[in-house]
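Notes for the one structure printed next.
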Amino acid sequence: MLIGIYTDKAIDESSNEPPSLPPVNSGQVDPAMPSEVDPAPAEGAGALIGKSAEVLVEKYGSPVRKEPSAYGYEWWIYKADQYYMMAGIEKSQVVTIFAKGEINTEPFSLNRSSNEIFSSRYPETEIVVGANDSYYRFELSEEELNVRPLIPIGDFYAQLYIDQQSGTLSGIRFMTTDVLLKMKPYELVYEGTLPEVPYPGRSLWTHIETGSAAQLADLTSLVRRQEGVNPIVWSPTLNELAKSHSKDMFESDFFDHESPRFGNIEERLAAAGITGLPAEELISANYMDAPAAMEAWLHSQEERELLLNDSFSSYGTGAYRTHFTQIFTGSP
């Protein structure tokens, strides 16, 4: 079985402890000296940050779906055979973009070698942000610097997802300062106040989780299609099993393929009337959202091979809060 984790520390699977979220602490933050920052792009997905939703529709058309997020904005989903894009809309304005595939993401090019990307710029281990009469210092570990660096660009930020298997830029997330401070994707020290992020109610979480499961399915299909792997069927039964395991891990506070209550993947499938099929499972915990979970899975060679396994015929995706599960089954 395979596990994806959102941390730069190794996890002892025998302890069944889920990885922790990046720490947030109050402390002194020295304002950073002004440094040279690349200008905001004039075109491409990144150029949409700060623009109106009307501009987004003019350039890319109407979204195929709209889904809530846990951070106050609404995801507008755009997908084609060659690319996948999620635009976060808040108060009729584009505040974040996630993009993957063959799409313009200037000044960074998806699928380009990270060595080329960083030939003229190198990411910093510390990023200091001034906002809300406060200062915030994001501290990136060495691994985060290599796989998820944060780059200031114009008056917003780009988070780059580097595929360590191919050494290329796999995905990119553009976001405003406000979104960065809400997400807190790295260790954070702040002096002043933290922006409040209202915790979603139960009903909203249900819609967020449904959207996250669909996003994982979309991204899985895109990755397999890009690599020339046969398509597989998204199974409602496997979806329910995947969500149930994500919920079980979250509520029972464990991180493992074997549930103390419901057993391993074979036992859980058997309880749903599915027997005699080869099966595999991916799990992750404490991720910001579905794109972050998917990019982390792709970062691991074993998990990447599972996602691209040509012997599977069906799969299901399930999310509960910040926990994600994918279940794959093959033919008898």
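Positions of Cβ are set from backbone N, Cα and C atoms, glycine also.
Annotation comment: TrEMBL describes 13-44 as region 'Disordered'.
Mapped onto DSSP helix, strand and coil, the domain 'CAP-associated' (49-186) counts 25 helix, 61 strand, 52 coil. Summarising the annotation, TrEMBL assigns domain 'CAP-associated' to 49-186.
Shown for the domain 'SCP' (222-322): DSSP residue counts in helix, strand and coil, namely 46 helix, 19 strand, 36 coil. The annotation domain 'SCP' is assigned in TrEMBL to 222-322.
Restricting the average to the domain 'CAP-associated' (49-186) gives a pLDDT of 96.
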